[in-house]
Structure formats: C-alpha cells, structure tokens
C-alpha cells in the first residue's frame, strides 16, 4: 500500500486513523505542542464574564433569605439519627450443630 501524501492527512474524529499490522493496532505517540494551551488560556480570558446575579427564590410565596431562614444548626438537628428509647437485644437463637450420618 502507498502512504498518503504528506500535505493531505486523512483524519477520523480529529485524529489520523489507526495503523494496523498483523490484525493488531499500533499505538503512535505524537508530541504535543505548548502553543495550543497558551491559545486556550487566551480564549478563556476573553470569554470570562462576571457571574450573573442570583435569582430570588420563593418558598411558599415568600422570598427566601438563605441561611437566615434555615440556620445550619437547625439543618444539623434534622439530619441527626434519633436515639432508641429501649435497648434492643438480639433474640436467642438455638444452636444447631450439623453432624454426619451414621
């Protein structure tokens, strides 16, 4: 088979197709360039914008005020496990020993 011309590279999903030899795929490592990261950082800086204002939240028709309505201590009490009023003891089990037949 002839190799593709150097000027025109056929790509699949943004990368060159896999090379096979003897039915097995051969991994080809390509060195990465640092230019793409710098360009990406520049793009991020250009598109950065301040976060949009948070919308007001209504709970049952009243404006919620965040932690003022639900203090962290109240939430902590709601998530604590209730203590049992009586201690539970395991029921006594009869012990059965498996023995071979005669």
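Using the three backbone atoms N, Cα and C, a Cβ is placed for every residue, glycine included.
Here is what Swiss-Prot records for this protein:
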REGION    1-102  region 'Disordered'
MOD_RES   2  N-acetylserine
MOD_RES   3  phosphoserine
MOD_RES   29  N6-acetyllysine
COMPBIAS  32-43  compositional bias 'Basic and acidic residues'
MOD_RES   49  phosphoserine
MOD_RES   51  phosphoserine
MOD_RES   91  phosphoserine
COMPBIAS  92-102  compositional bias 'Polar residues'
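Counting residues per DSSP class in helix, strand and coil order gives 0 helix, 0 strand, 11 coil for the compositional bias 'Polar residues' (92-102).
Within 10 Å of the C-beta of the residue listed as 'N6-acetyllysine' we count 5 further C-beta atoms, all protein chains included. According to DSSP, residue 91 (phosphoserine) is assigned to coil rather than to any helix or strand.
Taking all protein chains in view, 5 other C-beta atoms sit within 10 angstroms of the C-beta of residue 91 (phosphoserine). Residue 91 (phosphoserine) is 60 Å away from residue 51 (phosphoserine) when you measure Cα to Cα.
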